[in-house]
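Working notes, structure below.
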Amino acid sequence: MLKYELLTTDGLARRGRMTLNHGVVETPIFMPVGTYGAVKAMSPAELKDIGAQIILGNTFHLWLRPGLEVMDAHKGLHGFNGWDKPILTDSGGFQVFSLGDLRKITEDGVTFASPINGDKLFLSPEISMQIQRRLNSDIVMQFDECTPYKIGDRPATEAEAAASMRMSLRWAQRSRNEFEREKNPNALFAIVQGGMFENLRDESLAGLQAIDADAGGEGFGGYAIGGLSVGEPKEDMMRVLQHVAPRLPADKPHYLMGVGTPEDLVAGVAAGVDMFDCVMPTRNARNGWLFTRFGDIKIKNAVHRNDPRPLDETCGCYTCSNFSRAYLHHLQRVGEILGARLNTIHNLYYYLELMAEMRTAIESHGFAAFQARFAADRARGAL
């Protein structure tokens, strides 16, 4: 089930609300990534404490480990990982795309060698829908081919991007058919592909909307923009984003997949995006790269060795409320697990608080002023 309400707009920025089978999600929102069913270093209770409303799970990896029998025994991913709020699962398409020479793509689906033990495996739109049904995720993503930015050492041609996009369109129809056959009570999202070519993005969106219309407007609960943040220059990413996002159906949520930096999130919301996911806040946290209102901090640098201040004096997270930069520097230097946990709490809190500030700014029709203040603060640098 998915109900989406567009509450207000400010320019292209949208303030909305999604009602899903496991709860309500206020948008725009950032979704922490839990690849193997867990957001790295975070318990479900800690995620709730910092304001997480929905998390992301990885269909491909959960299918391989722990496997579907384990999921069935727990009645899905919620029962397995103890998270009782909404979950979005990707389709597995991007992970298969990432295998490179280890996989073979045909019209039927993708044959590949398991990265765990080398077993020959096959994933198709139908199998992806069946896996996601057993995971019982609130938002199911269609199976797609993620059009690469580069093929070999050169950018993908328009013909190559077109062939990939049209395959994804055919797979979208098959995903929709299987989702319906499974009587899945959750929401299915479509994915707009087309590489760096605006005309192909338009063709992809038109094809997906035709599938949606054939189902009486109930074909897809939302629309995602895929195939960005895959190695392309930032200006190309922004060009495609700013072309596609305003053209997505206004009455359904818009999801920008796999993006990105705090600046990317603000630019995405300004273009009309409602949902984001990225491993950046958690991965960077483990590497000691921390986001603050006033720029980024590399906590391992010697300048922080004796610094008694918190990471960000304006931040209300557990880490900033209790620990100094010097302590976090020490934990990072000695490789203490607690350091990764405290860093992750802070980075995710920063991302989720940034989204909350944008929701408030849109509600008060002050988003342009928020953008200017955000850019000025981040440019100042963490002193």
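Heads up, residue numbers simply count up from 1 along the chain you see.
Glycine is no exception: its Cβ is also placed from the backbone N, Cα and C atoms.
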Range annotated as region 'RNA binding' - as stated in Swiss-Prot, picked from 72-76, 282-286, 307-311: 282-286
Of Gly221, Gly222, Gly227, residue recorded by Swiss-Prot at the substrate site of Asp90, Ser91, Gly92, Gly93, Phe94, Asp144, Gln193: Gly227
From 230-236, 258-264, the residue range that Swiss-Prot assigns the feature region 'RNA binding': 258-264
Binding-site annotation, Swiss-Prot, Zn(2+): partner of Cys315, Cys317, Cys320 in His254, His346, His365: His346
Cβ-Cβ distance under 8 Å to Ser91 (substrate binding site), same chain, at least six residues away: Thr59, Ser128, Gln132, Val140, Met141, Gln142, Phe143, Asp144, Ser175, Ile191
His346 (Zn(2+) binding site) to Gly227 (substrate binding site) - Cα separation in whole Å: 29
Least surrounded among the recorded positions, given as Asp90, Asp144, Asp277, when other CB atoms within 10 Å are counted: Asp277
8 Å Cβ shell about Cys315, Cys317, Cys320, His346 centroid, Zn(2+) site members excluded: Pro310, Leu311, Asp312, Gly316, Tyr318, Thr319, Ser321, Ile345, Tyr349, Tyr350
Asp277 (active site, nucleophile) and Gly227 (substrate binding site), distance between Cα atoms, whole Å: 13
